[in-house]
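Among the features that TrEMBL reports, domain 'Fibronectin type-III' is placed at 1-58, 64-159, 259-353, 359-454, 460-557, 657-751, 757-817. As annotated by TrEMBL, domain 'Ig-like' applies to 163-252, 561-646.
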Amino acid sequence: RESDHRAWTPVSYTVTRQNATVQGLTEGKAYFFRIAAENIIGMGPFTETTKEIVIRDPITVPDRPEDLEVKAVTKNSVTLTWNPPKYNGGSDITMYVLESRLIGKEKFHKVTKEKMLDRKYTVEGLKEGDTYEYRVSACNIVGQGKPSFCTKPITCKDEIAPPSLDLDFRDKLIVRVGEAFSLTGRYSGKPAPKVTWLKDDIVVKEDDRTKIKTTPTTLCLGILKSVREDSGKYCVTVENSTGSRKGFCQVNVVDRPSPPVGPVIFDEVHKDHMVVSWKPPLDDGGSEITNYIVEKKDTHRDLWMPVTSATVKTTCKIPKLLEGREYQIRIYAENLYGISDPLISDEMKAKDRFRVPDAPEQPIIKDVTKDSAVVVWNKPYDGGKPITNYIVEKKETMATRWVRVTKDPIFPSTQFKVPDLLEGCQYEFRVSAENEIGVGDPSPPSKPIFARDPIAKPSPPVNPEAVDKTKNSVDLSWQPPRHDGNGKIIGYLVEYQKVGDEEWKKANLTADSCPETKYKVTGLTEGLTYKFRVKAVNAAGESEPAYVPDPVEVKDRLEPPELILDANMAREQHVKAGDTLRLSAVIKGVPFPKVSWKKEDHEVSPKADIEVTGVGSKLEIRNTVHEDGGIYSLTVENPAGSKTVSVKVIVLDKPGPPRNLQISEVRSDSCYLTWMEPEDDGGSVITNYVVERKDVASAQWVAISSSSKKRSHMAKYLMEGTQYLFRVAAENQFGRGPYVETLKPIKAIDPLHPPGPPKNLHHVDVDKTEVSLVWNRPDRDGGAEITGYLVEYQEDGADEWTKFQTIPMLDCVVTGL
């Protein structure tokens with residue numbers, strides 16, 4: 001019955017078990033229940049529940065919490081989170097219990113504080129390096145439920161992760177001027193990375209237009225109202241202790257170009273057209289210039305007329321102009337993003353700007369000779385076009401016709417030597433300039449000149465000196481004057497004066513008797529002292545005299561011999577055989593010394609050519625051979641003394657033949673050759689020996705060694721039984737010398753030795769006058785087949801052995817005993 005009713009309601013009439021399920025009850029209401037037992041006699045008394053029972057679902061402990069996760073780990077703490085159990089047991093969760101177990105231990109220990117309802121907890125105060133596992137349980141009014149599944153073992157250590165970077169922008173970004181742009185992305189890493197923005201390797205700083213925003217997971221660089229200077233390579237770097245990541249973006253802020261660079265240059269101006277040029281804009285706006293727009297305007301009108309809008313060159317022809325009108329040109333640059341401000345030219349009148357050159361000023365004439373003159377002029381105004389040629393003309397003063405002096409072009413020089421003038425004639429000259437337009441007017445004529453050599457007296461001779469003397473003469477020498485007065489030097493006048501006298505006497509009466517720069521003054525008195533002087537003479541007259549510096553005493557001069565050696569008289573002279581030996585020296589001495597050449601203190605070979613001149617001597621031997629080597633000496637002698645020099649001459653040649661060629665150790669396939677070095681090595685070190693062999697039946701020698709530096713050689717690979725000849729030659733850097741050859745052939749066979757003794761000699765039969773013997777072959781045959789056995793006998797007590805006979809077999813009957 002319901003607790004607030006008094007009437008009982010039957011539930012079941014036929015319950016035979018000791019339990020029953022009451023259905024159809026209302027949740028939340030309170031009921032009383034009673035039960036009675038019944039048998040065939042009847043129903044017994046009821047037993048009633050002592051207190052009312054409120055109908056509700058049964059209450060149990062909660063299920064295990066779910067999704068226990070480790071959110072963070074450091075060296076001394078672990079942070080965990082979990083979700084509530086799927087079923088709370090029919091009663092609200094009152095708290096959670098978190099437990100931990102140190103790996104290696106058996107028991108779990110409670111780590112949460114009392115009445116913890118948060119589903120996140122940080123376990124602190126842990127020891128770095130320890131490893132734990134964790135579980136969590138939920139509690140309700142009934143009690144503590146099952147624990148959750150354990151976490152994996154967690155070691156206490158700082159958690160690290162290298163940075164990662166996920167960018168929202170591409171490698172390149174094009175932005176119009178005035179627009180905003182931003183570079184965004186996401187990043188992560190443990191510990192939290194540092195974010196740095198760079199532009200062209202320079203750190204980006206925030207200002208009114210530049211904004212940088214960084215959260216723990218996102219990054220952003222934003223620029224408002226971009227300008228051209230914002231173009232560049234942007235780089236974002238995300239870095240922590242484990243590494244770094246970079247992202248790049250090439251930002252190009254584009255705009256219309258700046259104006260073309262002036263001024264506008266008028267390259268050509270004509271009466272009906274012009275050609276203008278300009279320079280590209282300093283800033284192309286970040287995009288290639290696609291074309292230039294060119295317009296023209298008559299300065300008397302306000303209307304600009306198009307010329308072209310499709311040129312990419314920085315030059316343009318402006319056509320259809322009216323002669324005499326003034327024009328202005330304006331030029332725009334255009335790219336994909338717009339048209340620049342214009343570049344406007346100065347005013348220019350349409351007319352031909354160029355004409356023939358002006359006439360040069362009156363030319364000047366210099367350096368006149370009997371057949372030539374040099375015309376000099378100044379460059380005139382070129383008429384606007386470069387001068388390409390000058391035309392020089394001449395005429396005789398009394399004539400009327402001008403004649404060109406050359407058909408060849410004269411440029412860029414502004415002077416010209418006019419040839420082929422007639423001596424004594426008077427000439428005038430004039431000059432015209434030429435450009436591509438034509439030939440300009442001629443200059444005024446030059447002043448008249450006569451074609452003849454200007455002449456003046458020469459300057460004095462230079463450095464006169466006394467170079468030799470005898471008891472009645474003095475030899476003088478000098479150099480020509482520095483200036484000949486523009487006239488040919490006819491000759492020289494030589495004068496002398498005895499010291500103490502005032503009068504100068506002429507050594508020669510006329511200048512043409514002394515055309516050379518030397519003279520021997522004769523007829524002087526021995527023992528006296530004289531002064532000397534020389535004058536140069538040309539058609540204009542005599543020069544001032546040049547004096548010999550010191551007075552000269554007239555007497556014979558003695559100078560001991562002096563040898564000035566040429567390079568070929570060094571201490572040692574090497575000559576290759578067949579070449580020419582030259583020895584020479586300059587010889588001085590007064591009187592000139594007697595010259596003698598010797599070789600090893602003997603006369604030189606008749607094949608030597610010896611030449612003696614007034615200044616030296618030379619010895620020459622053609623086609624030298626080795627025997628021409630030796631010590632050569634040159635002796636010079638005069639009354640004042642003598643001098644000798646020597647030079648060792650080595651004639652470099654091929655070496656001589658090797659000596660004492662010997663063959664030994666002959667075998668069936670080899671033999672050993674030895675020899676001695678040549679007596680004469682040709683003046684150069686023996687570099688190697690050449691060894692050759694020849695079969696006596698062959699005409700051909702075969703080289704078996706060509707690079708041996710030793711004086712021996714093992715000749716291998718011989719054919720057994722063949723007879724061979726051998727020969728050896730020496731080589732140096734000048735070639736191969738003659739061969740030395742073996743005197744007789746060598747046969748390639750192993751050496752022969754006597755055979756060994758027969759073995760096991762014994763008798764097999766004896767008679768009164770004979771003995772039968774047998775024996776075995778010896779151990780060695782000595783290198784050749786055994787041809788027979790010599791049998792001898794000796795009477796007992798005698799000294800001599802008696803030969804019986806030679807037997808080819810291994811037995812013998814000795815008779816006659």
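Yeah, the Cβs are placed from backbone N, Cα and C, and that goes for glycine too.
What you are looking at is a predicted structure, and each value in this text was computed from that prediction instead of being measured.
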Residue distribution over DSSP helix, strand and coil in the domain 'Ig-like' (561-646): 6 helix, 53 strand, 27 coil
Confidence summary (mean pLDDT) of the domain 'Fibronectin type-III' (1-58): 85
Tally of DSSP helical, extended and coil residues in the domain 'Fibronectin type-III' (460-557): 3 helix, 44 strand, 51 coil
DSSP-derived helix, strand and coil totals, residue by residue, for the domain 'Fibronectin type-III' (359-454): 0 helix, 34 strand, 62 coil
Helix, strand and coil totals (DSSP H, G, I; E, B; other) for the domain 'Fibronectin type-III' (757-817): 0 helix, 29 strand, 32 coil
